[in-house]
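Listed features, source TrEMBL:
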- 43-65: transmembrane segment (TRANSMEM)
- 58-334: domain 'Sugar phosphate transporter' (DOMAIN)
- 71-93: transmembrane segment (TRANSMEM)
- 113-130: transmembrane segment (TRANSMEM)
- 136-156: transmembrane segment (TRANSMEM)
- 163-183: transmembrane segment (TRANSMEM)
- 189-209: transmembrane segment (TRANSMEM)
- 221-241: transmembrane segment (TRANSMEM)
- 261-281: transmembrane segment (TRANSMEM)
- 288-310: transmembrane segment (TRANSMEM)
- 316-335: transmembrane segment (TRANSMEM)
Amino acid sequence: MMVGFHFSFSPDLKTPFSAAIQSSISINHGYQHCCRWQFLFKIYLPCSLFAALSYGIASMAMVFINKAIIMQYAHSMTLLTLQQLATTLLIHFGRQMGYTRAKGVDITTARRLLPISLFYNANVAFALASLKGVNIPMYIAIKRLTPLAVLIAGFFSGKGKPTTQVTLSVVLTAVGVLVAAIGDFSFDLPGYTMALTSVFFQTMYLVLVEKSGAEEGLSSIEIMFYNSFLSLPFLLFLIIATGEFPNSLALLLAKSNSFSFLFILLLSLVMGIALNYTMFLCTIVNSALTTTIVGVLKGVGSTTLGFVLLGGVQVHGLNVTGLVINTAGGVWYSYAKYQQKKIKAPKVVMDLEAHRR
């Protein structure tokens, strides 16, 4: 939720007609939110472009902000707990004050979303922990392995065979990671293990959402609230069981005199919420595919900036070559998914016309 390179895989809706109805409602709702923010900040851009730029900027910034805070405050589980607590309280008080129409907690919905929430937060927790030892370019490269993991999971679960272009692009992405890792002089085994474990949990989250449809009928803000709210008992148990608490609290209090630390901490809490909101906005105003492509372009920018910001990168020809291959695979993947969507689009239109008749 707070960290990572995002590849969006949305569950297939049951019928083209219901998809069109839900899309129409979501887009109208998204445009209302988008226009409200544009008016507030006096930004005069097409709404779709504003949503895409907002998500790209928030997503790129979040990686560097989390890296910066982890360099000063290594207790990643406590940091995640604070982020989730901030999200829960903000949405709760926003609902109480009438700023959002998100519904209150429903026990049936909470039970349905609990396993999904656990996988989601495990993904974020391991992603945060990996930033302690992995530099930003390699972190982004490893997170690009998620589509490959999803394809493998889909193969074993009996899902349809992906197109040749999609398969080759994700394989190229994986080859790029291997080449870059060989040339990574700052190779950190625990960090790599954490990042790969994050990919596993992100894959399980995506597959479970697609299989169960548990998030259907909920707004993104409601999903954010349930994810945050349901994760708190689990996270509190972990920080106590692992011994991170109360040492993490003592360190937090000790660093509270530092203005720069408090600023970065507050920024990480705020940007974590902003990232999720802009991802939601980009998806409903544009499409899940647009969000994926923006994520790829963001990754290119983050990889480039990662070599010069926050340190930790020893430039080596093999490492750079691997990262270029990995990025090319990510761009190719986005193009392949775009072509796949273009082929499917006429069929959906024909099905809609047939339904109307």
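Including glycine, each Cβ sits where the backbone N, Cα and C put it.
Curation plays no part in TrEMBL annotations; they are all automatic predictions.
Not measured: the values here are computed from a predicted model.
Below 8 angstroms of C-beta separation, residues 4, 9, 11, 115-116, 119-120, 122-127, 129-134, 138-139, 142-143, 145-146, 149-150, 153-154, 157, 181, 215 of the same chain, each at least six residues beyond the ends of the transmembrane segment (189-209), sit close to that stretch. Counted as Cβ pairs under 8 Å, contacts with the transmembrane segment (71-93) are highest for 261-281 among 136-156, 163-183, 261-281. Proximity of distant same-chain residues to the transmembrane segment (113-130), defined by a Cβ-Cβ separation under 8 Å and at least 6 residues beyond the stretch ends, is recorded for 1-4, 66, 70, 76-77, 79-80, 84, 139, 142-143, 191-192, 194-195, 197-198, 201-202, 204-205, 208-209, 212, 214-215, 223, 226-227, 230-231, 234-235, 238.
By the Cβ criterion (distance under 8 Å, sequence gap of 6 or more), the transmembrane segment (163-183) is not counted as touching the transmembrane segment (261-281), fewer than 3 such pairs being found.
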